[in-house]
Structure formats: structure tokens, C-alpha cells
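Q: Mind looking over this structure? Questions follow.
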Amino acid sequence: MPSLTLSASYISKAHTICASSAFLIALLIGSKLHYRKIVKNDVAGYPDEWWPSVSATSSDDHETHDILMISYIVLNLPWMVGSIIYTPKPNTTAFRKRILAASTPSSPYLDSTVEQKNSASPKITAETTQKDNIYLNINIWELSFSGQEMSLASVLFPFSLRFYTVSSYFDNHRGQTILQFVSVMGLIAYAHPNPLIRLFIVSLANMAGSLLKTLEWRNPASSNRQGIMLILGLALSSLSKLVNHTVNPVWSIADSSSGGWNKTGIFLGLLAAWNYATREGRKNHLQNSSEKSVQTHGQRLRGSWILASVGLGGLLFSLQCFLSDADTMVVYSWTGYPVKGPVPGGVHAYLTLIAMSLGVFISLSSYESIVKNPLWIIVGPVSAFFMYRERDWKSYYGGLSMAVFLCSLSPIIIQNASIYGKSAPSKVYGTAWLTYCVLILANVWTVAYAFVPAGWILRERTDM
């Protein structure tokens with residue numbers, strides 16, 4: 001009896017066709033017979049929602065629905081497990097690409113589900129194509145991570161230094177001058193009335209700014225000075241917000257009617273960029289001194305680039321989270337009335353600025369050896385413990401100590417990262433900015449969503 005030989009690939013293709021057909025046929029029939037019913041969810045309906053909702057089956061008999069869904073999942077297990085076992089393992093690159101291709105569609109689906117259930121707003125596909133209200137910063141009102149919030153990833157541009165074209169173009173005085181002027185565009189964005197255009201301009205300025213800082217921080221000869229300038233700039237920004245009702249007067253969301261000093265900020269930004277552009281020979285001098293510094297530091301330093309990179313990312317997050325607004329530490333300690341500690345919006349916030357200045361002073365003075373002592377690291381966790389566990393003045397004292405700790409370590413952390421970043425800037429600083437982004441998202445999501453696993457670890461007040 002002749003045997004019939006059939007390639008196993010045909011079974012896989014037939015399964016894919018049948019599975020896709022089941023979905024597409026249901027989609028076509030449902031859209032044809034009761035389109036408005038299946039696009040309606042518990043938040044909105046047509047025309048705000050125009051694509052079948054993930055909750056389209058919510059009107060089904062719940063018991064029958066659950067039984068069929070569970071059966072579908074269980075009956076699929078033999079096929080999925082068998083496919084994994086009997087599929088030849090490809091090379092590592094192909095395997096990673098398959099994992100990425102398989103998992104990527106899950107992200108928008110989950111985000112759409114979460115947004116619909118928790119945000120009380122139309123889902124992502126309808127929102128991004130129909131609504132003109134594009135938020136300039138991370139959208140804490142929608143409680144979701146949609147296209148606009150992806151602008152946070154603009155600071156990941158240092159990863160592009162891995163490509164020789166980008167590195168050779170910007171890693172010189174002319175290229176960094178271009179980045180200086182492009183970064184000023186973020187201040188000019190306030191003049192455009194369209195929030196989407198403003199978001200695009202600010203994102204472009206962030207890309208230039210993050211790449212510029214990477215090229216500046218990677219130089220061990222000047223990295224310590226760059227760390228001090230970072231803290232001084234942060235303190236100045238925090239002071240401007242303190243005297244201007246928590247709004248930085250040069251932010252693109254501010255204008256003359258809200259106390260903005262946008263034109264003054266643009267003038268000072270262009271003046272600083274022009275000053276940088278006219279400093280002849282600066283690049284060659286720093287490059288020669290940095291090569292000597294790399295050799296000196298490289299012989300003394302023994303450690304891991306990943307620890308230096310993650311440490312830098314954690315520092316950037318901590319500075320923004322705790323010290324970008326002088327009132328943050330005060331709010332952490334606030335317990336309401338009657339007043340038993342520092343008062344938000346009052347004069348106590350200036351103590352935070354003094355603590356930041358003290359941290360910079362320690363890193364500059366003869367007391368710098370204290371900061372380099374391993375025992376100084378204990379100050380950070382102890383300060384954080386008091387800031388978190390205590391209330392009123394005790395909590396604020398912990399916050400002030402935290403401010404001194406972070407600002408005193410900033411130059412050293414940036415300098416240590418520069419030892420590894422000189423030879424591999426894309427890897428070191430790209431990972432640092434990626435760490436910063438992950439922590440920023442975790443900081444927002446644990447506040448926005450109560451169901452985030454272990455979210456209580458990142459919340460500042462779990463007792464409320």
C-alpha cells in the first residue's frame with residue numbers, strides 16, 4: 001500500500017489559515033449585522049469607538065462565555081507545547097526576532113484593555129486618530145501609556161552612537177554646537193498653539209539634549225565639573241519653580257499669561273549656545289586631556305560598566321523625582337492640619353535648596369574624601385528610611401539628608417560612568433537613560449494602577 005507523505009509545514013499553515021479565518025469571519029459577520037453594538041463598550045460607543053471592542057462579548061451569558069474561553073485556552077496548550085518542542089531551534093538572532101514579533105502585538109492589546117477599563121476614555125486606536133487633544137507631558141489623566149507618552153523614549157537617542165555615522169558627525173565641536181542649538185528648540189516650542197507640534201519639538205530637543213550630555217559626560221577630564229553643573233542647573237530650575245507657583249517659567253507649557261519668561265529663556269539659551277560655538281580649540285584640548293585621564297582612571301578602576309550605567313540612571317531618576325521641585329520633600333512629610341511640620345508652598349522649601357548647595361559644596365571642598373568613603377553610602381538608605389517611615393519634621397530631616405547625599409555623589413557617579421563611557425558611550429549612557437525611563441514609568445504606573453504587582457514598593461505613601 002503506497003504511503004502518503006505530507007510535509008508538516010502544511011499542517012502549520014493550515015492551522016494558521018483556519019485560526020485567522022475564524023477571527024476574520026466573526027469580525028466580518030459581526031460588523032455586517034450589528035456593527036454599532038460590537039464597537040460599544042462600557043465607556044463610549046460609535047462614533048468615538050469605531051473598532052470592535054475587547055469587551056464586545058460582555059453581553060454574552062457570562063457562565064457560557066467563561067467556559068468556552070477556558071476551554072479554548074486549555075485545548076490550545078497541546079498545539080502550542082508541541083509546536084515549541086518539535087520546532088528546530090534557530091540561531092540566537094532569529095530566535096530573538098521571533099520572540100519580539102510574537103510578543104509585540106500583546107502590548108497595544110493589553111494597553112487598550114487597561115485604558116478602556118481604568119481610564120474611562122475611548123481606547124487608543126480611536127483616541128490617536130480622532131482626538132486633537134495631545135498632552136505635552138506624561139498623560140497622568142488618561143492613566144495609560146499611548147503614543148504621546150512614547151516621547152519619553154526620546155532620551156534614548158544616545159543608543160545611536162553605536163553607529164559610526166552618528167558618532168563621527170556629533171562627536172566633535174561642530175556636531176555638539178548643532179546639538180546645543182537644537183536643544184534650545186524646546187524653549188521655542190511654547191510659541192506653537194498645537195500641542196502635538198509642541199510635543200514633537202520638545203521630543204526633538206530632548207533627543208539633542210540627551211545626546212549632548214552623553215558626549216559631555218563621557219569625558220573623564222570634565223565629567224566631575226559636568227556633574228556639579230548638573231546639580232547647579234537643577235537647583236536653579238527648582239528655585240525658578242518655587243518662586244513661580246511650581247511652574248518653570250521657560251517651560252513650553254508656560255506663556256506670558258501664566259508667568260512665563262519664555263523669550264528671556266530663549267535669549268539666554270541662544271547666548272549660551274553661541275558662547276559654546278565660538279570657543280575655538282576647546283574640543284582638541286578636552287580630547288587630549290581626556291585620553292590621559294582615561295589611562296589614569298582606567299588603571300585604578302575595577303568594576304562593572306552595567307553597575308556604573310544603572311547607577312547613573314538611578315541618579316537621574318532620583319534627582320528628577322525628589323529634587324526637581326523643592327517642595328517635594330515637604331509634601332512627603334506633610335500630614336495636614338494641625339500643622340506639626342514643614343508647610344508645602346512655604347519658606348521651608350528653601351531648606352531643600354540649601355541642602356542641595358551643601359551637597360555640591362562637599363563634593364568641591366576638602367571634605368570630598370568623605371563622599372568617596374564607602375561608609376557614606378549608608379547615609380542614603382538611612383535618609384530614605386526616615387523620609388519614608390517618619391512624618392512631619394523627622395521625615396523632612398531625612399529628606400534634607402537625602403538631598404545632601406544625592407548632590408554630593410552626583411559628580412562622582414558621572415565621573416565613574418565616564419570611565420566606561422569613553423570607549424562605549426552608546427552602551428553605557430544608553431543603558432543609563434533606559435534605566436531612567438523604566439523608573440519614571442514605574443513611578444507613574446504604581447500610582448496610577450492599584451493592581452501593579454509589588455507596586456507598593458515604589459509608592460511614597462502606602463499608608464494612605
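Cβ coordinates are placed from backbone N, Cα and C, and glycine is handled just like the others.
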Q: According to TrEMBL, which stretch among 148-166, 395-413 corresponds to the feature transmembrane segment?
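A: From TrEMBL, the annotated transmembrane segment range turns out to be 395-413.
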Q: Honestly, do the transmembrane segment (305-326) and the transmembrane segment (12-30) touch, with at least three Cβ pairs under 8 Å and pairs 6 or more apart in sequence?
A: no
Q: Can you count helix, strand and coil residues in the domain 'PGAP2IP first transmembrane' (140-274) using DSSP?
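A: Per DSSP, the residues of the domain 'PGAP2IP first transmembrane' (140-274) fall into 104 helix, 0 strand, 31 coil.
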